[in-house]
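Structure first, then comments.
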Amino acid sequence: MPVRIIDHVYAQYLLTKLRDKNTGSIEFRKGLVRLGRIIGYELAKTFPVKYVEIETPLGKAVGVDIIGLDKVVIVQVLRAAMPLVEGLVKAFPQARLGVVAAKRREEGGVVDVDIFYSKVPKIAEDDVVIVADPMLATGITMSRVIEEVYRAGNPGRLIVVSVIATPMGIERVLSRWPSAEIYAVAVDPTLNDKAFIVPGLGDAGDRAFAT
């Protein structure tokens, strides 16, 4: 499956805590922040690097510079992605930030998504756009958000970041944007009749903000 699983042991530990129904909102929110940072570090491994010579207080040393950190744009899906993006920004402090507010709508058993606010920075061809949403379930919300990204320009790389994804969500995104890169901490098999991921972790936004 064309998705990169973040199998770092601490990421999997945090996911276990997030899945636990007994984890309170404060710890849940903190867990999303920590996961965002870990995922950010994993993404940084995919950036090109160059070796540079620097002066320490005591002599010369050879180090590494990561190319393109100033080209990162992080787009968050309100509100569930806020803690996750807080962690991503710790890994990419130079990133420009975009926000898309989406609301699920269900009519006659059909789930759709309405976008009621969108503010995405202008996108250049050498930008790396990271779209973050904790749950990639049906892929409908993510698809709507990616459409907003492309209205702002065509990025050099499009990266989708989720805590938990499903085969359906992955397929929906890649069928429209085959060059998209998807990162998740886990892929769960199914959705229930409310389009929530099973076993998943529940409603990420409600659990993070105690609503």
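Each residue, glycine too, has its Cβ placed from N, Cα and C.
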Would you identify which residue of Arg37, Arg96, Arg104 Swiss-Prot lists as part of the 5-phospho-alpha-D-ribose 1-diphosphate site it also attributes to Arg79, Asp133, Pro134, Met135, Leu136, Ala137, Thr138, Gly139, Ile140, Thr141, Asp203?
Arg104
Residues near Gly31 (GTP binding site) in space but at least six apart in sequence (CB under 8 A):
Leu14, Lys17, Leu18, Thr23
Taking the Cα of Ile197 (uracil binding site) as the centre, which of the binding-site residues listed as Lys30, Leu32, Val33, Arg34, Arg79, Thr141 lie within 10 Å of it?
none
Ranked by the number of other Cβ atoms within 10 Å of their own Cβ, which of the binding-site residues Asp133, Asp203 ranks first?
Asp133
Listed binding-site residues are Arg79, Ala137, Gly139, Ala204; which of them have CA atoms within 10 A of the CA of Leu32 (GTP binding site)?
Ala204
